[in-house]
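Take a look at the structure set out below.
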Amino acid sequence: MRRLGAAVRLIWQGHRVGALVTVAGSLVLGVVPVTAAWLTKVIVDGLAGHRANGGTGQVLLVGGLVLTLLFGQLGQGWLRYVQEQVSRRIEHAAQSELFGTLNRLPGLAMFERPSFHNRLQLAQRAGQAAPYQLVTVANGLLQAGSSLVGFLVALIAVSPVVAGLACVAVVPQLVAELRLARRRVDVQVEVSPAQRRTLFYARLQSEPQAAKELRIFGLGDFFHGRMVRELSTIMNIERTLGWRVFRVQAGLDALSAVAVGVGIALVVFRAMHGLLTPGDVVVALAALPALALAVAGTVRQLAAGAEALLLIGHFRALAGLAPDVAAIGATAQPLRDGITLEDVWFRYGDDLPWVLCGVTLRIPYRHSVAVVGLNGAGKSSLVKLLTRLYEPTKGRILWDGVDLADLDPDSVRQRIGVVFQDFMTYDLTAAENIGLGDLRHLDDPARVRSVAELAGVHAAIERLPDGYATMLSRTHGSEHGDERGGVMPSGGQWQRLALARMLMRADRDLLILDEPSSGLDAEAEFEVHRLVHQRTSGHTRLLVSHRLNAVRMADLIVVLEAGVVAEAGTHQELISSGGRYADLFRRQADGYRD
Ligand SMILES: Nc1ncnc2c1ncn2[C@@H]1O[C@H](COP(=O)(O)OP(=O)(O)OP(=O)(O)O)[C@@H](O)[C@H]1O
């Protein structure tokens, strides 16, 4: 019932007038065949002398029959057109609702589950197809149903026994078709992971980023083979289903043919004994196959409706997904004292190893804290906890003494500027790639330009064919229809663009720079750090870097090792203590000297 409610809501949001019009149209068109059959009967009875229609009456009846048939033909075309319009609007509403829900999910954990993506794929398909399917089913049901009722009434008038036979034949058809509907949905669920893998292999073979390695390592045939294997798996599952559908429906068709045959025999038998007029025979002979068709149509429509409702269940499950990070709470206030991590433990899943094992750390207001450590030490995970993309498994993170878990994540994020280690590269213009850092200033060229200058990428952008309006993509044209194809910045230039994007938020309370210069050459790295330090000094900052020289000016340096804080102090203190940091620093310095 809830699924039906969800479907009706989608249809209502999509195009309520269109939906009502198609329902009314279907009802009217449903009575066309039976009207035509009755007019035929009256004409035939008039011709056979069983009725006194008169010459004018016969002409009027024939005219009425022609008009009825014409109305039926034109009406069907019109109904199809309105249905398509309704369908487009419903699909639009469904996709908008689905992705609106996804965007409202505050955390990351959900996006890292294969089951979520399988369900998303099903939900997308359900959102695209199922509501429309329901509209066509409803219309089909109304048409087939009203034809069915009409012919049944006609048949009851001619022979109640034959009509009863037709009714009994409905039961096995309905049961079999409903079981097939469930199996169809099960198959869609079953093939969903293989379909997603197929898409993944298809993308690898078509995207420029992967094209390099595929060609150099000769991986094209390897991935092509894997894709073909997945396609074969899908094909085999669907072929088995197709064979089952064919067998069941062939059985049902045979049953229906037998029922029609028995019905016709009964009609002929009664007519031979003078119990039926020629008109009755015409009606019965027209009604029986038409009734069989209407029964099969109605049953298949019911099964398609059941299938659509089962699919809508996936849509509902996703559209009603509970957020993995509580999305409500008090609004975060401007930072005045600092951020404290209290015995923070974290792992990405119950069955995965601990990443942080009791980290206690303070980032005082207007101070800079650097986190260093070997690969996999948990530095980026710490950043994800601070930005509330995940919740700590144990322990607390306090924003001026208030647990982050009690604050509205959006309001916290509005107070933070971040450049991630795995930053995004958007297939958009250079200006947009920077301006996205603060949507309020997306169309503020002066501001965009000033942060680009700070990040040292302005000169490179100025040299592009269309300057800041140049598309930074080789696969997408611009939104304004320019399909020339843009340019591809270098790795270091992309990193500077990400840095500039973060600098759009340089006025925020907490700035987090996770490896902001790993793609830069040594000279550029030094320059970027100097500029960022200058531009953001006086802000509360968390810096993550492998290049210890780049973070030596931080107020506090924390060495993270195996998920715990192994050492903490200023650069001088850590060097003097001769521990892990001093060792790492010496080795990096030696590396530069050699
Ligand atoms: N999304 C994730 N799901 C599961 N495990 C993850 C995820 N992200 C990171 N990990 C694991 O958490 C551990 C810490 O990773 P993290 O990225 O925080 O380390 P890091 O210190 O930033 O490393 P690096 O210096 O290489 O960037 C690693 O063992 C990694 O495999």
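Even glycines carry a Cβ here, placed using N, Cα and C.
Here's what TrEMBL has on this protein:
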- 20-307: domain 'ABC transmembrane type-1' (DOMAIN)
- 339-587: domain 'ABC transporter' (DOMAIN)
- 20-39: transmembrane segment (TRANSMEM)
- 59-79: transmembrane segment (TRANSMEM)
- 148-171: transmembrane segment (TRANSMEM)
- 250-269: transmembrane segment (TRANSMEM)
- 281-299: transmembrane segment (TRANSMEM)
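Model confidence over the domain 'ABC transporter' (339-587) stands at 88, taken as the mean pLDDT rounded to a whole number. When each of 20-39, 148-171, 250-269 is checked for Cβ pairs under 8 Å to the transmembrane segment (281-299), 148-171 comes out on top. Sequence-distant contacts of the transmembrane segment (20-39), counting only residues of its own chain at least 6 positions beyond either end whose CB sits under 8 Å from a CB of the stretch, comprise 61, 64-65, 68-69, 71-72, 75-76, 78-79, 82-83, 86, 135, 138-140, 142-147, 150-151, 153-154, 283, 286-287, 290. With a threshold of 8 Å between CB atoms, the same-chain residues lying at least 6 positions outside the transmembrane segment (250-269) that come near it are 158-159, 161-162, 165-166, 169, 172-173, 176-177, 276, 281, 284-285, 288-289, 292, 295-296.
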